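Here is what Swiss-Prot says about this protein:
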BINDING   Thr13, Gly14, Ser15, Ile16, Asn127, Glu129, Gly216  NADPH binding site
BINDING   Lys128, Ser154, Glu155, Ser187, His210, Ser223, Asn228, Lys229, Glu232  1-deoxy-D-xylulose 5-phosphate binding site
BINDING   Asp153, Glu155, Glu232  Mn(2+) binding site
Amino acid sequence: MTRFQRVAVLGSTGSIGDSTLDVIARHPDRLGVYALSAYSRMDKLAAQAAACGAAVVVVPDDAAAARFRAAWRGKAAMPEVRVGPRALAETAAAPECTTVMAAIVGAAGLPAALAAAQAGKRVLLANKEALVAAGSLFMAAVRENGAELLPIDSEHNAIFQCMPQGARAAAPTAPAPGVRRLLLTASGGPFRRQDPADLHEVTPAQACAHPNWSMGRKISVDSATMLNKGLEVIEAHWLFAMPSERIDVLIHPQSVVHSMVEYDDGSVLAQLGQPDMRTPIAYGLGFPERLASGVGLLDLTRWGRLDFEQPDLQRFPCLALSFAALRAGQPACVALNAANEVAVAAFLEGRLRYTWIARVIEAVLEWQAKQASVTLTSLDDVLDLDARARSFAGNLGLA
């Protein structure tokens, strides 16, 4: 049996955080909560901390700390309240913590995820930006500090499970022997069948209505545009040392097959399961053993059929832009992610039309390509380029 794990759940009030706490609560003999963090929902954070007995909570500023203290209704002593990004990174690296669930959405989660890797933690990676914006830095930190890296995105977790047993290295430097290509599946989101000409009038509520998964608003929009899948292609490149030409995307509307690995002999291994994030979370927490997740049985007779099709890049230009960014290099991936975060925020606030999300990304990628050559050798380099890309996106007049 693996050692008892004390988990820091970064981004605990989101959907991944909820699912993580659900799995942890099912295994009190093996798992406990060391720390929680949240950005805005202090009432929920207080309730979570009281329920799981967290020793530490991390909030963004003093105002949030005051709201947390006012919301505290726990019978036990209030947890230590830490404030700010530096406290978040220090908590992720704390010696009392063995495992970090990196589930903060966006580039804001990057420093803490990197700190966890540098401290040699088991990192359950649900934050895409750690690899999209800083893949080389992050993977080097994993290798150099003996960290364990377990992907939590359902697609990458599926690929991880389908890889050769001896090839599940924490940070490979070359593709696994015998693996021909990776096949990432995508539901196609709510607009899979919609005429591209009609997408101009899409509302935030429509874009957030994912047909299969329960997710936060930002990632739901990313799923609708398939930018989310593009980010996952970039992640797969770093996680499995796989070149872009050996990574393919398939639309699979049922979301039962979570991804596949094709081998040189023609064999294809697929991981199937319910569209429930507790499955990959339990896998990451229990690895190399299996933990009960609370997910029900998969009844394939209920589905009757499983469909697959090629993505329409006219309907999903963000996917094509993501492949282009990966081929262009790490600075382009930083710009891609920054532009998307700015554009999606503007869309959700009603300041940007849905179809202009891709336009903003394309404009920022064109801007980045014209910049002087950039070498990203530190987190500060990444964050500087991220800030400049966000500034350019925000000044386009579209956002």
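Backbone N, Cα and C define each Cβ position, glycine as well.
Measuring Cα to Cα from Glu232 (1-deoxy-D-xylulose 5-phosphate binding site), the binding-site residues that fall within 10 Å are Asp153, out of Thr13, Gly14, Ser15, Ile16, Asp153, Gly216. Of the chain residues outside the Mn(2+) site list Asp153, Glu155, Glu232, Pro151, Ser154, His156, Asn157, Leu184, Asn228, Lys229, Leu231, Glu235, Ala236, Ser259 have their Cβ within 8 Å of the site's Cβ mean position. Between the alpha carbons (Cα) of Glu155 (1-deoxy-D-xylulose 5-phosphate binding site) and Asn127 (NADPH binding site) lies a span of roughly 13 Å. For Asn127 (NADPH binding site), the count of additional Cβ atoms within 10 Å of its Cβ stands at 29 [all protein chains shown]. Cβ neighbours of Asn228 (1-deoxy-D-xylulose 5-phosphate binding site) (same chain, under 8 Å, six or more residues apart in sequence): Lys128, Ile219, Asp222. Residues Thr13, Gly14, Ser15, Ile16, Asn127, Glu129, Gly216, recorded as contacting NADPH, have a largest CA-CA distance of 19 Å. Counting Cβ atoms from all protein chains shown, Lys128 (1-deoxy-D-xylulose 5-phosphate binding site) has 24 others lying within 10 Å of its own Cβ.
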